[in-house]
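Features reported for this protein in TrEMBL:
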REGION    1-45  region 'Disordered'
COMPBIAS  12-24  compositional bias 'Polar residues'
TRANSMEM  108-126  transmembrane segment
TRANSMEM  138-162  transmembrane segment
TRANSMEM  182-201  transmembrane segment
TRANSMEM  213-238  transmembrane segment
TRANSMEM  258-285  transmembrane segment
TRANSMEM  306-324  transmembrane segment
TRANSMEM  336-357  transmembrane segment
TRANSMEM  369-393  transmembrane segment
TRANSMEM  471-489  transmembrane segment
Amino acid sequence: RHGLALHRPPSAGSSSGLCSQPCSGSLPRPPAGRPGTNHGRTETNGIPLGLAGSVPLILQSKNASYTEQAFFSFVFWPFSLKLLWAPLVDAVYLRRFGRRKSWLVPTQYVLGLFMIYLSTQVDVLLGDGQGRGPDVVALTVTFFLFEFLAATQDIAVDGWALTMLSRENVGYASTCNSVGQTAGYFLGNVLFLALESASFCNKYLRFQPQPRGIVTLSDFLFFWGAVFLITTTLVALFKKENKELTPTKEETQGITDTYKLLFSIIKMPAVFTFCLLILTAKVGFSAADAVTGLKLVEEGVPKEHLALLAVPMVPLQIILPLIISKYTAGPQPLNTFYKAMPFRLLLGLEFAFLVWWTPRVRHEGGFPIYYYAVVLLSYALHQISLYSMYVAIMAFNAKVSDPLIGGTYMTLLNTVSNLGGNWPSTVALWLVDPLTVKECTGAQEQACGNALEAELCTKAGGSCITTLDGYYVESVICVILGFGWWFLLGPKFKKLQDEGQSSWKCKRTN
């Protein structure tokens, strides 16, 4: 995983993807890197990611700690771990039904049924708000399984895209993915957060105020579970794979052969270097992407207002990949990644300033219009830099992937990209509380180092005051590390695109 409110698309991830990250309560962004290369996954992949990305904001409104948020961020890790079972998906199938449909159809059926079942349990897991808080462990396990199914579907789609598109057009696969998944993520995250908010629905959609929103998470899960079952049935009945291309373009000899090929891919110098560099490239963005949205909610910005700010961004999110793909479809897509990186790093400092500024402009009625205008502009600049890097990586991965082992090769590169966004985001969330310094004022000899000490401070008549917010410490450290990577390792990263096609081609022995 999993922006401003909202969480991580291209990690997440993925975010198999740049999103990352995800994943937690980060700024709204393309499903961070959730790898994908097919226009047909608009809702079927974006919806699970969007719903999972909404939960951290709900947890934040229920006063969950950042340690608990870090634990929940593991929900997005299946997109970084799917490489472990990708060879199985790539090699085992029913030829008559279709190589990719053999996994896509049953996985989406299970996803639909799982969502319907989850709709009956999620309200209990989130807590009643009257003394019984959310069960973060159970929520994490449940949504981890949910994302595991989505990641499995992702593997099948990755491989299918390589035969759907001709080799000269395969670079546009990332454009199809970005546009489609953004739409699905919007429905599962932004639309849900707005309709779930009682204040938004009462202000804009109702004549008579009600204590709850129009839909709950339970309602939303049930609805999309039913949609999954219907659309999957249509795909199973009417969508046909090109059986003539399957044996010639992506032929494997079974699971063992596929795993051997996987290890041979990883051992190739070009691929190994790429993996090491992309695993560390996104450390500089982790505090801004993973924590900023949660911090804004903590400072009093309604999560539904942040979600609404994503609405005017939808046209930008659709247009950006189309524009950027003109530069990334060429022979050097990583140039775009390298040029966008310093701008995105500087935005991390701007986000930290935005969080610091938020309580200073807040008034009894909420926040002034100019505040939301600044947030919207910050969000737009973030999207431009993020999509520039995301589309560049996806285009590069698609170009160097060997179709001989299509699904597994593409999944290797994309999941490494996604892991490069997920692990820094999880660490960033985990370190917020330890790096934060609090003092107990009004009660001598009391401390606020943990929840128990804070409770004792309150009972003694004092209150815990934050003297140093770990988020600001992280923001500065991350930007310094990010620019260090850009100066020292960035040029080596760009040189990878100068490698010949033979450096990326599987050397296969029968």
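Positions of Cβ are set from backbone N, Cα and C atoms, glycine also.
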Proximity verdict for the transmembrane segment (306-324) and the transmembrane segment (108-126), three or more C-beta pairs under 8 Å: no
Contact yes or no, the transmembrane segment (369-393) and the transmembrane segment (336-357), 3+ Cβ pairs under 8 Å, gap 6+: yes
Contact between the transmembrane segment (213-238) and the transmembrane segment (336-357) (at least 3 Cβ pairs under 8 Å, separation 6+): no
Sequence-remote partners of the transmembrane segment (471-489) [C-beta within less than 8 Å, at least six residues beyond its ends]: 277, 280-281, 283-288, 291-292, 295, 338, 341-342, 345-346, 348-349, 351-352, 355-356, 428, 431-432, 435-436
